[in-house]
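K.L.:
Straight from Swiss-Prot, here's the annotation block:
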DOMAIN    40-331  domain 'Protein kinase'
BINDING   Leu46, Gly47, Lys48, Gly49, Arg50, Phe51, Gly52, Thr53, Val54, Lys67  ATP binding site
ACT_SITE  Asp172  active site, proton acceptor
REGION    338-369  region 'Disordered'
COMPBIAS  346-361  compositional bias 'Polar residues'
TRANSMEM  400-420  transmembrane segment
TRANSMEM  425-445  transmembrane segment
TRANSMEM  471-491  transmembrane segment
REGION    550-570  region 'Disordered'
Amino acid sequence: MPINYNRNAVELKLSSQLLQWLDQRLPLGDPMRIPSIDSYKYIQDLGKGRFGTVCKFSNGNTFETVKKVDLTIFNHWTQSETKVSNRLDTFLYEFRHLHKVTNDNNRIVNFLGIYADSNQMYIMSEYLPRGSVKDLLVKETLGEDTAIKYLMETVEALDYLHNLSPPVIHRDIKAANLLITSNDSIKLANFGLVRDLAVDGFGIAIASEITLDFRATLLYVAPEVLSSALGPGNRNAYELPADIWALGCTFIEMLLKRPPHFEYFGHIDEIPKVLLGYAKSEDGKVLPYTSEVLVPSSSNCVQKIVDLVFIKSPEHRPNTHKLRIQIKKILDDDSESEEETDISHPISNSNTDSSTAISHNHSNDRKVGRAGTCLPIESMEYAAVRKELKKRSKPKSNNIMQIFVASGYYLSRILYFLNILTRSICYLLLFLSLGITALGSFLLISYFVVRFVRYLIAINCNCDLMQPQYLIISGILIVLMFALLFSCCMVALGEYKFRMANQTLDGSKFYLPRPQKSAVLCGITVITGKEDAKDTAQNMEEEIHLTPSVRRNHDDYYYDESSGPANEEN
């Protein structure tokens, strides 16, 4: 109990120390410091994220978004005061920079300031009542024209940030961080400053937690960041081209209501393992990021934009300035081709004029993946007549054959299910066997350790250790020893899992790289060598053609309050 009390005292002291540092480094005369919140009135909660709660407050005649930073994220015994202090300095430096530049550009959400006292820390920013693009996607499907408009306005915001001195890298471009103004324009929000303040320097257990928070966000991360030694959780792994890649993923999200390849993962927990595995694999396999895979039913204009953004090499990926020019050129060429099409197909009668006008209006803001052509009523009637005639001309099928087909179909499904059930039972029995064996080993080791200690005591003091009080003490020691061994094993497994997920095992002095040739034991390949892996990859297509493993309602992904609201600025 004294140990827990001391640890809790250290943890509480750290968060209190953070507020004291804030109070010292933001004096009352600082333009970034909000001296008092007496004029603020709480209205409602907007959502809750990993690093705090976002609320709506009124300040006089205006509304503001207030982020209440959850200071318990610093209450961990692995935190170092020096590291937290250094991260706080970085946080204040970047926030001051953003506080200055956001007021000079109408494409960036305004950062109004920070309030801090001895108990709490608030971050104030501009409030936009229409929410984010992600909120809009929950309610409706965006047309191509709207998605391109939002894309261009986001490019303008990034162009401004990337050309500052020093440049500002957003690092978290996605639909949830694109806020919509009252005049249907985009403002860029959520620069992840609080996340950076909390993440760096965490212990293994906390770092694993943070990595899991990036599950869905990894779908927006550029390949060079995924394959870097620092990993996607480290802010230093991001350069300017990473924002361009994330912008392309956000464009796909606006068109399809989901980021690229989201529908191919059976569960969201699979995302880090699969993406990081492909990013650092040596067999040449990559996920396809081409227009024909991501948006095959979209217009030619959208497909050109998608192929323009998703260039794997960051050196060849266009910057914001080139991207603006090339997208405008694509749009201009597309409008010219539409005009030429209209001229080459003159209107012959009023009925054609009406249908052409309707078709043109719908094509301007078409939905990707939906039919954009309306057939005349006459064509629909003729199609119905042909379908009825075709149905009548079909011969009657053999009922006995249909019974055999249906029986075989359902029997195959039953056998498949029984196969899965059998394997599940075997895995369960194997898991129980390994668990019981491991626990038995821990208990046996603990027993022999305590037995050895009792033997040493008996030799030195000639005591009768078979008395009840000594037996009770020995039993307690066995339990404590067992718990200690089990805890050490769980910590080791947690660190191993973290290093596997982040591909950092090669940093260990005990790391042994994959051999060039495969290791074969009794005719069974136990380790696949690098050469065999490359040969296998050459026999396959360079890109993976994925088949959806699960069909789900993607609106559930968008209606996730735990991921934070649209107005969350940090």
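Glycine residues also receive a Cβ, built from the backbone N, Cα and C atoms like all the rest.
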K.L.:
How far is it from Gly52 (ATP binding site) to Asp172 (active site, proton acceptor), counting Cα to Cα, in Å?
P.N.:
17
K.L.:
Using C-alpha atoms only, work out the spacing between Asp172 (active site, proton acceptor) and Lys48 (ATP binding site) and round it to an integer in Å.
P.N.:
18
K.L.:
For Gly52 (ATP binding site), name the DSSP secondary structure in the helix/strand/coil scheme.
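P.N.:
DSSP call for Gly52 (ATP binding site): strand.
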K.L.:
When DSSP is mapped onto helix/strand/coil, what comes out for Leu46 (ATP binding site)?
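P.N.:
Note: Leu46 (ATP binding site) is in a strand by DSSP.
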K.L.:
Near Lys48 (ATP binding site), how many other Cβ atoms are within 10 Å of its Cβ?
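P.N.:
Summing over all protein chains shown, Lys48 (ATP binding site) has 18 other Cβ atoms within 10 Å.
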K.L.:
Given the binding-site residues Leu46, Val54, which one has the fewest other C-beta atoms within 10 angstroms of its C-beta?
P.N.:
Leu46
K.L.:
Using a 10 Å cut-off on Cβ-Cβ distances across all protein chains shown, tell me which of the recorded positions (Gly52, Asp172) has the largest neighbour count.
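P.N.:
By the 10 Å Cβ neighbour count, Gly52 comes out on top.
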